[in-house]
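Have a look at the structure below, then the notes.
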Amino acid sequence: MEGVAPAVSLFRPRASARFPVLLAADSGAARRSTGAGGRSSVRKHGGTEAPPRRPGITRLPKLGTAVSTKRSERGKDPLINLEVSHHRAVAAVRLLRIEKGKAFVDLLNEKANDSGDNEMGYVERTLGFRTRYLEDRDIRLVTVIVAGTVRWKRYLDYLIMSLCSEEKVFREMEPLLLQILRIGFFEILKLDVPAYAAVDENVRLAKVALRPGAGNMVNAILRKLVLLKETNSLPLPKIEGDERAQARALSIIYSHPVWMVRRWIRFHGKDEALRLMNWNNSDPRFSLRVNTSKGYTRADLVKRLESLQVHYEESIMDEFVRIREGMQAVLQAGLLKDGICAVQDESAGLVVSVVDPQPGETIIDCCAAPGGKTLFMASRLSGEGKIWALDVNKGRLRILMEAAKLHGLDVMITDIHADLRLYTKETTAKYDKVLLDAPCSGLGVLSKRADLRWNRQFEDLEELMCLQDELLDSASTLVKPGGILIYSTCSIDPEENEKRISAFVQRHPEFATQSVCEYVPKKFVTDEGFYSSNPTKHSMDGAFAARLVRSMHKILGVPQGQN
């Protein structure tokens, strides 16, 4: 069953203006002009010299005559630039912050203006002016541009460097200028934005945010790109040579780290590696899980989505629906805030199916935050039973408990702020079921986590696998005789999944694997009896889960401290 929303174009070219219009916070605001060499000069106003630019505020261009002296609604707001493309300005600043590790790609918010103050504050401190506040459509545009630019960063940088006069120009390019070029390249190559609009808007942004010379450089490079695109002569690397050389070329064309490309070719073959990279570069697909603990049904959720004109598809799981677009409408309508549903991928829901929570059971979620699986498990207990949510991150644990209260499940969930490895040395508690959703590389969720591919290094895998082994050993001590241990990840890497289970069973003969065939559809069951979802095969996040049963009797020869 499907609901259909009318298609709305995200990009409509704005009317071009020769000069940016600035609204001054008060009538005595000084006008700044750009002097020779890009240096800012200060004009005298009313017989006194206007205050100099604050440190960190970049240059502003010479103003046109249309300057409003109307006081801003927000009282003491600084200059508001109404002519620079507001969503591009915000996107450029957010990309800068992502590069410095101080921001995330996702811009989804329940109330756009709640985030507006922060976003405009960052823009002001970086560019020297504010744009108008973000509306719903603006947030959607920023999210698309930022996520897409981050995904395609390696591909875009290769082309930008190729079109610069020399490599040194690219290597020494100002960070903000590079972000503006990346946005322009992404819009021209990957979005349905008219070339003239992408060139004009990004040139203007560079001139206002930096200086006229920067705008001229953006103009020259973007126009060169447009010509190469029109003649189908983009300077891309050829896929030839040995395995390493081919992986390097593919890593540029599909914008992934070389080590990741080589690893996928090794484990999955070249064709599957290409399919995975295409999936990761596509727009993410979201799933919503209806909150049955409050009495809502999927039919209730579907009715709300139809009223919002949000396109949806029903899932293989009764509590879920899929949506390709319209997440911002869902958030704005308050469906999450009111506890009607939660954003959760079906792959995570299937992990809960592997756990198979039953009324009356005691369950501990050992790495619980942010809590999606915890809440879903609690909802399946039908008011009977108890879940302990343990996590080392106190802040994320607090968010989990706030969500539990919102969903009416806080009575059934007890939070434990602790490192699992230390907690198990101090407690004698035993549980019917123990879920270890282990920290992992996240290689199965790269379509949703646009920046994760660049934040992961090959060396991280070795550290993660050591941590996964330690956490598995600790979690195993919490399982009652005859109880169940579930190990899961959001990775598609065999060394984080199957090999961790194989190594664990060798260390712990008191545990035996149990097939998950009774708990999830057959297409998700591997030959070894594990749960595995694959993005290219199942159109959902990649995930893994193994179900292990602890023997009722003590096994001789088990190392001390493991029972």
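Positions of Cβ are set from backbone N, Cα and C atoms, glycine also.
Residues or ranges marked as region 'Disordered' by TrEMBL: 30-74.
Within the model, the domain 'SAM-dependent MTase RsmB/NOP-type' (276-551) shows a mean pLDDT value of 96, rounded to a whole number. Look at TrEMBL and you will find 276-551 tagged as domain 'SAM-dependent MTase RsmB/NOP-type'.
The feature S-adenosyl-L-methionine binding site is assigned by TrEMBL to Cys367, Ala368, Ala369, Pro370, Gly371, Gly372, Lys373, Asp391, Asp419, Asp437. Cβ-based neighbour count (10 Å, all protein chains) for Asp419 (S-adenosyl-L-methionine binding site) stands at 13.
The number of other CB atoms found within 10 A of the CB of Cys490 (active site, nucleophile), across every protein chain shown, is 26. As annotated by TrEMBL, active site, nucleophile applies to Cys490.
Under a cutoff of 8 A between CB atoms, and with a sequence separation of 6+ in the same chain, the neighbours of Lys373 (S-adenosyl-L-methionine binding site) are Ala348, Val351, Val352, Val355, Asp365, Leu435, Asp437. Fewest other C-beta atoms within 10 Å: among the binding-site residues Cys367, Ala369, that description fits Cys367.
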